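Here is the structure we will look at, set down as structure tokens.
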There are 2 protein chains.
Amino acid sequence: MEKLSIVKIGGNIIEDNASLKAFLKLFANLKGKKILVHGGGKRATHVAAKLGIESKMVNGRRITDAETLEVITMVYGGLVNKNIVAQLQSLQVDAIGLTGADINSIASEKRPVKEVDFGFVGDVKKVAHKSIDKLIQADFTPVFCAITHDGKGQLLNTNADTITSQVAVGMSELYETSIYYCFELDGVLRDIKDKKSVIKHIDVTLYKELLEQGIIADGMLPKLENCFDALNQGVKTINMGNTSMLTQENDNFTRITL
Amino acid sequence: MEKLSIVKIGGNIIEDNASLKAFLKLFANLKGKKILVHGGGKRATHVAAKLGIESKMVNGRRITDAETLEVITMVYGGLVNKNIVAQLQSLQVDAIGLTGADINSIASEKRPVKEVDFGFVGDVKKVAHKSIDKLIQADFTPVFCAITHDGKGQLLNTNADTITSQVAVGMSELYETSIYYCFELDGVLRDIKDKKSVIKHIDVTLYKELLEQGIIADGMLPKLENCFDALNQGVKTINMGNTSMLTQENDNFTRITL
């Protein structure tokens, strides 16, 4: 099976032009077939504030009302996505910017209202791996923003980490897939206070040990759970660390496998 | 040669949800391979105003400064384009939203500063007809917004009519192309005061006669000039009229051929 890399970047990189430029160079140099997924970060919050739209939070989670969805569509789907595509083109990467509505690539379902009505938030239902592969086979590099659709004309705000893992799972039918989650830390830390305590390899056995020992920090727990879900659904390797893990020189990051 | 329709809609349709929905149904029902091009209309101006960005005009033409380009990228490339794509998907059209940066489909050049500095405005240089055709051959329907790029990482605001004719000219190497310019009138009028005086067919001979008789209204002159430019570069037919010309029932519009 041919290899395919799915790289995810978050707000910390997108919000800083120098960081974004540096990252895009690394991404452009990454060999082989690849997909980029980006979150949005605080830019949408800034634009919303300027437009006089209040960010509504419930239990620390953002509520996506109709106005907020418009801002997200403008900022993630337009401003951020198309500028990344233009910059990648200047680096000779034949990028194509996508939401899940484009080529019906990621269909989702509006999250059912239980205790909280999250508004226009979508949970991924189906990744059209064959349609996405048509783009890859045409030598295009898909760049996904964190927006999906319900197939009935409604765009939906969707978590970028989830899009990344679901796209990777879908593409695993056709490729040997690796995920690269780029984030602020160098990797998963054994001691949250010691930035140098990167665990270089986590497999199921170590994961269970770390869980039992209570070593994994709260914020990292759901991330790792999602990782093992994706690995169990066919993803080959998941890497977590800073952007330099995309180069050959840095081996100081966390590799997660079954 | 297989047929390809390139349909352009303007602000009057985009700004009104009911008109847009009605148009998208007609577009979905249009047989054969097709491309949609949309302008932006006043929505960008509204958003800019809300964000406190002044619309700068020189001699009645908008100047695209950096802030205005951001708004255009958000509104045309994000909000308008992705909502059209989502709606087309709900109508079983496998749409894919594009700027000229995506798959390097439309390269342009920043307009040189002469008497007026138009800012981030691009004049089309090259349409990548083979790349666009990869999408069409994959049964996707491209939906272009009025944004191109310079290949060096810079997005550029570009006239939607020009994008339409240049894409049509480019695709004429591979297809028998027809343009449909949807606008407010039923067609080109013999008497601007009589909405029913639609000229049903204009060829080069009649065009010259109308020019000599001074019958073509000022606003229509550059449009018709551009039409004959496109026809001379390989476009087969250009149609101008209201959106119902996309149906078989209405033959009350203007067909332009060499």
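Please read every residue number as a count from 1 along the shown chain.
Placement of Cβ uses the backbone N, Cα and C atoms for every residue, glycine included.
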For the substrate site that TrEMBL gives as B:G40, B:G41, B:N157, the extra residue out of B:R62, B:R190 is B:R62
A correct count of other C-beta atoms within 10 Å of the C-beta of B:N157 (substrate binding site) gives 24
In the chain carrying B:G41 (substrate binding site), residues 6 or more apart in sequence that have Cβ under 8 angstroms from it = B:G10, B:G11, B:N12, B:I14, B:E15
Under 8 Å Cβ to Cβ from B:K8 (site 'Transition state stabilizer'), same chain, six or more residues apart: give me those in sequence order, or none if nothing qualifies.
-> B:L36, B:V37, B:H38, B:G39, B:A160, B:D161, B:T164, B:I179, B:Y180, B:Y181, B:C182
Cβ-centroid neighbourhood (8 Å) of the substrate site, B:G40, B:G41, B:R62, B:N157 excluded = B:G11, B:G39, B:A44, B:T45, B:I72, B:Y76, B:A146
List the same-chain residues at least 6 positions away in sequence whose Cβ sits under 8 Å from the Cβ of B:K223 (site 'Transition state stabilizer'), in sequence order, or say none.
-> B:D161, B:Y181, B:M240
For the domain 'Aspartate/glutamate/uridylate kinase' (B:4-236), provide the mean pLDDT of the predicted model.
-> 94
Using DSSP reduced to three states, classify B:G41 (substrate binding site) as helix, strand or coil.
-> coil
